[in-house]
Amino acid sequence: MQALYDVPAPAKLNLFLHVTGRRPDGYHLLQSVFMLIDWCDVLHFEVGGNGAVTREDLTSALPADDLVVRAARALQKATGCPQGVHIGVSKHIPAQAGLGGGSSDAASTLLALNRLWKLKLSRQQLHSIALTLGADVPFFLCGASAWVEGIGDIIRPLELEHQLPPAAFAVVKPEAGLDTRMIFSHPSLKRDSSCATISGFAATHYQFGSNDLQPVAQALCPEITQAINWLESKGLQGRMTGSGSAVFAQITHAVDLHDAPAAWHVKVCENLKSHPLADWVFG
């Protein structure tokens, strides 16, 4: 096998996000449920023999040293693999949205190259590499929606009794984006939410909890409030995902979403029962 085409990298929604504390080293302690949705970037991989890692942007331009390139090079370094790869990236998930697009691209890159380069690394071995790339990357290797704690490093796929029922969501990305660091460094960020339980979450699923980052994000980015108000005008209860600026709402009735501002990304998504590449790795 010398190539893999049309490799999906799905986005995620944070159904809730509580900040429960802060470590002495400054990292925040979180609780969240990360849910996979069917809004995907698409990646293409062609093996090269000279060890070079190159990337082609098939849609919007990406930074020269983005997470896709970093993931490929981290895998080379960890394994001593002499092979290279040319990666084509068709970007559909908006950046600075809280949807995890860059992290998902990195995870799909690890999974695809583990197969193409015949490395046979286990999920846990890939997880160790993913940790060096960013807090959200390991989640996209776990294969399913998950309960996430700690600094994002404690990941538990939802057990059968806690799994999410199928649902559709309106996801709205305003034109403006947000720098995550500005939110976590803000003095008014709530950092003392009570610890939640998986059973408590499972009792209400999509109505559970809140996003502790949202008040600060709304103060920094008024478009988030505008997007939530727009969803509410449709009879939908919006909340922010991750550190924004995207917001989402479960669709519970027929709704027309065609009158959004032209600069916004609006997409109706469904949740995924499992990651489309879940069976590409063992362990």
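Any Cβ shown, glycine's included, is placed from N, Cα and C.
Lys12 (active site) falls within a strand segment according to DSSP. Sequence-distant contacts (6 or more apart, same chain, Cβ under 8 Å) of Lys12 (active site) comprise Phe34, Met35, Leu36, Ile37, Leu99, Gly100, Ser104, Asp136, Phe139, Phe140, Thr241, Gly242. Sequence annotations record features per position, and here Swiss-Prot assigns active site to Lys12 (among others) based on sequence analysis.
Under the heading active site, Swiss-Prot lists Asp136 (among others). DSSP assigns Asp136 (active site) to coil in the three-state reduction, outside any helix or strand.
Taken from Swiss-Prot, the feature ATP binding site covers Pro94, Ala95, Gln96, Ala97, Gly98, Leu99, Gly100, Gly101, Gly102, Ser103, Ser104, and the record attributes it to sequence analysis. In the three-state DSSP reading, Gly100 (ATP binding site) counts as coil.
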Neighbour tally for Ser104 (ATP binding site), based on other Cβ positions within 10 Å of its Cβ: 28
